[in-house]
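Shown next, in structure tokens, is the structure this report addresses.
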Amino acid sequence: MKVAEVIVDVPTLQTNTPYSYLLPADLCDHAAPGMRVVVPFGKGDRLVEGFIIKVEVTSTAQPALKMVSGYLDEEPVLTPELLKLANWMAKTTFSFQISCLLTMLPNVMKAKYQTIATANQVLTDEKLRSKLPLQVPVELTKVDFSPAERRKIQKLRQQGALTIKYHVHNQARAKLITVLENQITDFTTVASQLRANATEQQKLLAYLKQHQQTRFVQQNLVQTAGLSRSAVQSFVKRGWLKKMMVEQRRAPELQQYVRDAAKKLTSDQQRAVTAIQAAITAEVSRPFLLEGVTGSGKTEVYLQTIQRALELGKQALMLVPEIALTPQMVRRVKQRFGTQVAIIHSGLANGEKYDEWRRIRNGAAQVVVGARSAVFAPLQRLGIIILDEEHDASYKQEDNPRYQTRSVAFWRARYHHCPVVLGSATPSLESRARAEKGRYQLLRLPTRINQQKLPQTQVVDMTKQAAAPTELFSEPLLTAIKEKLASHEQIVLLLNRRGFSSFMLCRDCGYVLQCPNCDISLTMHLDTKTMKCHYCGYETQIPKTCPNCHSHQIRYFGTGTEKAVQQLATLVPQARIARMDVDTTKKKGSLAEILRKFGQQQTDILLGTQMIAKGLDFPNVTLVGVLNADTGLELPDFRASERTFELLTQVAGRAGRAEKPGQVIIQTYNPDHYAIRYAQQHDYESFFRHEMRLRHLSGYPPYYFTVKLTVNAPQAREAAQLAFQLQEELQAQLAKTTILLGPTPRPIARINKRYYYQLIIKYKQDPKLHASLEHIQQHAQQISRTGVQIAIDPDPISFM
DNA sequence: AGCACGCCGACT
DNA sequence: GTCGGCGTGCTC
């Protein structure tokens, strides 16, 4: 007798444990850990998706176990490694095992559920009868039922008046196309067997004879070549064509990539490549920190180390922030490694993602490039893991399971005995500090390739541009823009705020239009002609009069990308300007289109939010302007300076990447701020020292580890009460050296009609912390029915 | 999550 | 009596 241990798709703490199921005799040999199954669960034996994590043979008669009702996969979708990883992740991120297992797979592999009720007899209750007519299957989730009605339905089910059927749908399907294989060897014999009036069949035969290949896609024959479907059918019937279903990739390689050989390395690059290659060969899980200024050729280092892994028959995983996954980046990798590359990014449709994933799973892809979730790519012979832009905030998942990609990468590297390379021009303080301590091996690329200098950077003090404080473009910046336009060079402008105006103010009564669901002002968007909330998505008409006092004296303040583009267009009417932000790149393919036009110099100026700071590599860009360097500095977060320094350095790096020298102009109201000063001087090292001193003084990471606890509830008082209660409990349990901050309301205290309070735990070492947090997790489960939620976020990316 | 059970006040 | 609301407990 074989028994499977199954983790079921019921995300609660009580069910966060394996359940045992009997395996049906006919499918016994088939079952293996990592396969998805359908199992009956709970009182009504409703069907849920589950993952087999173990298969055991037992001779002893088990207490009445239920039976696995079906398989969703032919082969295991998760490897033993990933099953283990899920377990570790669940523990360290305080999330459910099932959530971890499901995040490792493409979205389509989460099953869809359906509950269908059919009335077996005419129901007596009038209302219920209209909703559930006799013998008509009704999907219960699609119809509104009151709690009382739901209860009645259950009762009727027990009485047999009504049948309930559960369905689990596997959405993951390979796309199949019909392919016809030519079986004809002797065309003349076949021709003789065709009747003279079978013109369509004769056409088909002629076509087959004319085309040398043996396999034809049916759709091509019928639609492109204009042959008749019935003629094809007759051929299949007579055995001249063999029909078969073939899996097809949904995002086929449309572009042919010209293979590109390894480039010659600088001595610094060579040193880095040698060190990393040695670790790959020696199969040691050593972490490297590759600190290289923008344009120093980190990518070439990645490519050549990947090359070594491939030569040794191993595989490579390269992670990049989503916004750095530009067509340019993809091209470079594909030019080097061709069709053995799989790319996973958010631009792919679900089906396309699934196909890419399967290419990895079945071993067709040896190199995987992708954003955060690609860290779970089912590669089985990892030789190297690369995290480009390792400091990037998007590596931390912001909802459950709140994993840090970097930590997952290290876990996998230990499992595979392979090195991890963290690359950045501005490493996170955590990583840089570890390199200092010797826990990571530091590799430096201090100069740009081709001896190109880092761009000249000028800081413009906006407080001294007093003429009109609302003016967005200072004199020096405007002059530089005009110069570059005149010499047909391109410009990148950063304004880290989208929309047209960031708030509406009534000058008569002082009213500011706010989101009804959140404690934040609404942003005006001119392209949609609405006021939008950037937190919950609420939208409303732009008011013509003050909603409070009906005065006409309403004004809009704060400048976003939309307004900046408009102003710029009047200042330099000859320029062709493109805006790049969330609003203009939401549509599939629109980002690629904006970049393509800019690359072909059909636009002169690219103005956008922080998404323009990463990965763009256009040789003709010689000027980068930062319209307002202060937006990030104002945030109440301990990482505000680090984020600002990063952003300025990254965006400055877009200028002067080829022969022409670059120029950077930073406009700010805080010209003496150290983050801005050091960014101006391209001095990461000094910034690092300065910021480390501050972190040391105030006790923040990397000197302390942190956990963020967030409580939210529909009522502010409930949230506050619980937050204070948690604070007291933790105070009593935790070590004396552990510091608790708060509880405080979140900087934006209300989002989507819920109030948020948070509590920060700072610790160096606290053996009791994990148990305390597990206890809080249990408590959270118990109170979840009352609508109060607790989120535990280990190593939060921000305190906001 | 979803289902059942038990307890309790309210109502034809 | 029993209907409907609500809190609690269990799911191989």
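From the backbone N, Cα and C atoms, a Cβ is placed for every residue, glycine too.
Now, the feature entries from TrEMBL:
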type    : residues                               : note
DOMAIN  : A:279-445                              : domain 'Helicase ATP-binding'
BINDING : A:CYS506, A:CYS509, A:CYS546, A:CYS549 : Zn(2+) 1 binding site
BINDING : A:CYS515, A:CYS518, A:CYS533, A:CYS536 : Zn(2+) 2 binding site
DOMAIN  : A:541-695                              : domain 'Helicase C-terminal'
Rounded to the nearest Å - Cα separation of A:CYS506 (Zn(2+) 1 binding site) and A:CYS533 (Zn(2+) 2 binding site): 18
Listed in sequence order, residues with CB under 8 A of A:CYS518 (Zn(2+) 2 binding site) and six or more positions away: A:CYS533, A:TYR535, A:CYS536, A:TYR538, A:ILE748, A:ARG750, A:ILE751, A:ASN752
Chain-mates of A:CYS515, A:CYS518, A:CYS533, A:CYS536 with C-beta within 8 Å of site centroid, Zn(2+) 2: A:PRO516, A:ASN517, A:ILE520, A:LEU522, A:HIS534, A:TYR535, A:GLY537, A:TYR538, A:ILE751, A:ASN752
Candidates A:CYS506, A:CYS515, A:CYS533, A:CYS536, A:CYS549: member of the binding-site residues with the richest Cβ shell (10 Å): A:CYS515
Using Cα positions only, nearest of the binding-site residues to A:CYS515 (Zn(2+) 2 binding site) (A:CYS509, A:CYS546, A:CYS549): A:CYS546
Residue, out of the binding-site residues A:CYS509, A:CYS546, whose Cβ gathers the largest set of other Cβ atoms within 10 Å: A:CYS546
Overall pLDDT for the domain 'Helicase C-terminal' (A:541-695), taken as the rounded mean: 92
Cβ-based neighbourhood (8 Å from the centroid) of the Zn(2+) 1 site, residues A:CYS506, A:CYS509, A:CYS546, A:CYS549 excluded: A:ARG507, A:ASP508, A:GLY510, A:TYR511, A:PRO547, A:ASN548, A:HIS550, A:SER551, A:GLN553, A:ILE554
